[in-house]
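What follows is a set of notes on a single structure, which appears directly below.
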């Protein structure tokens, strides 16, 4: 329906004569409210909802009217004062202050008790004390001269044989650890400290003497060397066979005058 047409809708019939005296105050109130809200949003001031209430709503309406009239943007409510310290927290602080010297006295008593226990332990016999430096000197000599002569290597080999029983115990403990291990990697397993000292590795270094290498590692080393030699021999044989085959093919092709290039390249008789 165009405005020029004679037909009027219900809206046009109802509001054809707007009465400004009735709707003017409502329009001004809504206009001032929108202006105040726009100024408040554009000011980027933090809004504190603690003072929200009937009194706050009346103040908000008053501030919106003043801002709509051209006043400055409404200020945010003042921050609330800090809450008073409760007496319970004061009592806890006093207890902690009192408990600090008592804990120090208890720690001193524990240290004295540990010293008394250490003094009460029986002293080691003289023989054990004398044997330890001898073992240390032996280990130092073996470490200093890894590439020594054969007669010097024999006592170190005997010493290693005598300590085989001592080597077996960490292997048993490692087997127990493997038995107790979970079949799947659990979450957070990397944070746990694992005992890697009892797990013996048999990596063979090129500079390591024979008497210091584990027997299984020596067997593996020899087996790998034998396999390498076999592979080298097989490659040499294959290369020699290929060379002989090519030489025979060239000789036969040159000797036969009826062999064409196609027959030489693509025939099965070649």
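Just so you know, glycine gets a Cβ as well, placed from its N, Cα and C.
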Stretch carrying motif 'ST]-E-Y-X(3)-Y motif 1' according to Swiss-Prot (options 9-15, 16-22): 9-15
Three-state composition of the motif 'ST]-E-Y-X(3)-Y motif 1' (9-15), taking helix and strand from DSSP: 5 helix, 0 strand, 2 coil
